[in-house]
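Chemist: Below is one structure. I have some questions about it.
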Ligand SMILES: Nc1ncnc2c1ncn2[C@@H]1O[C@H](COP(=O)(O)OP(=O)(O)OP(=O)(O)O)[C@@H](O)[C@H]1O
């Protein structure tokens, strides 16, 4: 499992202090130091028990905001290649970016024109691996968003249709009724993503002008032909999560507030699943001592990711944090979440 602090808040205003520094810059850093900014909360700090909250967090890799998209991908390519090879051999994998609203998740995962992010770069790596394998591999793609606990097909976004997450012993978890298209090249996947992204639910919030209000899930299902005609079926889920947020920070009202509640609900469900998996939850959960029940059913997101998070699967978590001092609480919460998640063993 890899955890990365990737792209951070792009342009902290000059009066904001940086709350963290990757511990080294010349080589690949693996540690993030977070310093409690001095006068945060106007000096009213009495609620805290631990007065000195300067902390260091260790991950597989840590980057600051000056890193290029290509370098993020290349430095993490050993992990992502492991993910790709596993999927070709028939295991499941997922990769998602987690972090506060405006911290750079969409930038890191999807990218911007001319600077593709982890999703298009991983898809390119996947098709290179397929070509190199000289085996027949059929790739099927689904691209959906989960908005306010409603699943919508981004490739056929009709408001009338509410889709459901189903589980099937052969297919694993999937969105019933969503288009499942065979794709033969990275370009075909990029076309589908560009088409789907036009329909993603975004809006302006106090923290981000173009805030993703939904979780976008790209699922690629690979059928790799093995010797003797058998097939290895692996699945790769690449996800751009909506931002975790606090209503007071984002100054959200009405619909935005309701969205925020639903976003936080599924992120909480994801966090609870991760906690349970850390405690040894899994297929045998509940049957013996020490096995925690994994509450996949608590949200659409975790239901869909059930077979990519637990069991025979690899999870790559990218954690985005902002260097701005007014995001200190979010930064600490995000890093704690990632720190816990790195202990999952499935
Ligand atoms: N490393 C970076 N370099 C340059 N610009 C960046 C970087 N990271 C983020 N940005 C820019 O910062 C803004 C906010 O980033 P982004 O939309 O990716 O945040 P987010 O975490 O996905 O937010 P939300 O959860 O609200 O959707 C965007 O305009 C994005 O292009």
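Glycine is no exception: its Cβ is also placed from the backbone N, Cα and C atoms.
Below are the features listed in TrEMBL for this protein:
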- 1-344: domain 'Kinesin motor' (DOMAIN)
- 99, 100, 101, 102, 103, 104, 105, 106: ATP binding site (BINDING)
Chemist: Tally every other Cβ atom lying within 10 Å of the Cβ atom of residue 106 (ATP binding site).
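Modeler: Around residue 106 (ATP binding site), other Cβ atoms within 10 Å: 27.
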Chemist: Hey, of the binding-site residues listed (99, 102, 104), which one tops the CB count within 10 A?
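Modeler: That would be 99, with the most Cβ atoms nearby.
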Chemist: At a 10 A cut-off on CB-CB distances, which of the binding-site residues 101, 103 has the highest count?
Modeler: 103
Chemist: Inside 10 Å of the Cβ of residue 105 (ATP binding site), count up the other Cβ atoms and send me the figure.
Modeler: 28
Chemist: Over the domain 'Kinesin motor' (1-344), what is the model's mean pLDDT?
Modeler: 77
